[in-house]
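Worksheet: the structure to be examined is printed underneath.
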Amino acid sequence: MSRLVLASFLLLAIFSMLVGGFGGFGGFGGLGGRGKCPSNEIFSRCDGRCQRFCPNVVPKPLCIKICAPGCVCRLGYLRNKKKVCVPRSKCG
């Protein structure tokens, strides 16, 4: 049983690195360091893979809770369909 759990964990880790590109998913949360994030975004040492999206964005991208550096929307901003951080009021 423990071998199955270990193998599953390793496969999940490899999959998350391949999908996430070692720092983001789907074109955001890149490897850029502090000061290199796009407008309305901040660098986070541990939240780069899991993003907050506007309610009308369906389906939501996969969020794997593995600590990864990357750019995330500032407080009060959410990602729209174009993956740009916009004020919550402009989600549409």
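Note: Cβ is positioned from N, Cα and C throughout, glycine not excepted.
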From Cys54, Cys63, Cys67, partner that Swiss-Prot gives for the disulfide involving Cys91: Cys54
Which listed residue (Cys50, Cys63, Cys71, Cys85) has most other Cβ within 10 Å, given these are disulfide-bonded residues: Cys71
Separation of alpha carbons, Cys67 (disulfide bond) and Cys50 (disulfide bond) (Å): 9
For Cys54 (disulfide bond), the one of Cys37, Cys46, Cys63, Cys71, Cys73 that lies nearest, given that the disulfide-bonded residues are compared by Cα: Cys73
DSSP three-state assignment (helix, strand or coil) for Cys85 (disulfide bond): strand
